[in-house]
Amino acid sequence: MLPLENLKIRDVEGGFMAKRPQFAIFNIDSKNVFKEHKTLELSVDNTDELDTWKASFLRAGVYPEREQPSEDTQTTAEVGPIDPHMERQVETINKLVTSYMQIVAKMTRDYIPKTIMYHIVQNLQKFVAKELLAHLYAVPDPKALLQESEEEKQRRQSKLAEFEAIKN
């Protein structure tokens with residue numbers, strides 16, 4: 001159990017050997033976060049999990065650390081104090097929009113090859129129905145197309161002879 005008062009989250013650079021995304025939880029009053037630890041550094045398997053953890057902390061009221069340049073402090077002073085509830089709502093909406101755009105991108109990647117294959121099959125069906133059928137009807141003797149060629153007769157007879165030899 002962690003008391004969430006005065007806690008913030010910051011991204012942690014894992015170094016050149018780190019393969020997993022990391023983040024840290026710390027107390028803005030320099031108090032211990034857990035037992036004798038001033039910060040807790042946590043790592044996850046992938047960036048999606050990292051975003052999920054950060055969103056969960058955000059919903060619990062633990063906000064990311066903000067490094068504001070001097071220009072932003074002047075703008076904040078003009079706008080007034082930022083409501084933490086409003087900031088949480090903005091962060092939540094930002095996460096939802098990002099998630100939605102990822103879903104749209106994935107669906108687009110899935111649908112494009114399917115759409116291309118659909119159009120290829122449709123064009124092939126039109127070709128068979130119009131062009132190929134017209135060429136088949138243009139042949140003077142259509143029954144000749146159904147006749148077995150001499151090569152096929154010989155091949156069929158040799159296969160039957162092989163079958164009989166194996167059977168015997």
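Positions of Cβ are set from backbone N, Cα and C atoms, glycine also.
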(message) Quick check on the annotations: TrEMBL lists region 'Disordered' for one of 1-21, 148-168. Which range is it?
(response) 148-168
(request) Using DSSP, tally how many residues of the domain 'GED' (90-168) sit in helix, strand and coil. (result) 71 helix, 0 strand, 8 coil
(message) Quick check on the domain 'PH' (1-62): DSSP residue counts for helix, strand, coil, in that order please.
(response) 13 helix, 19 strand, 30 coil
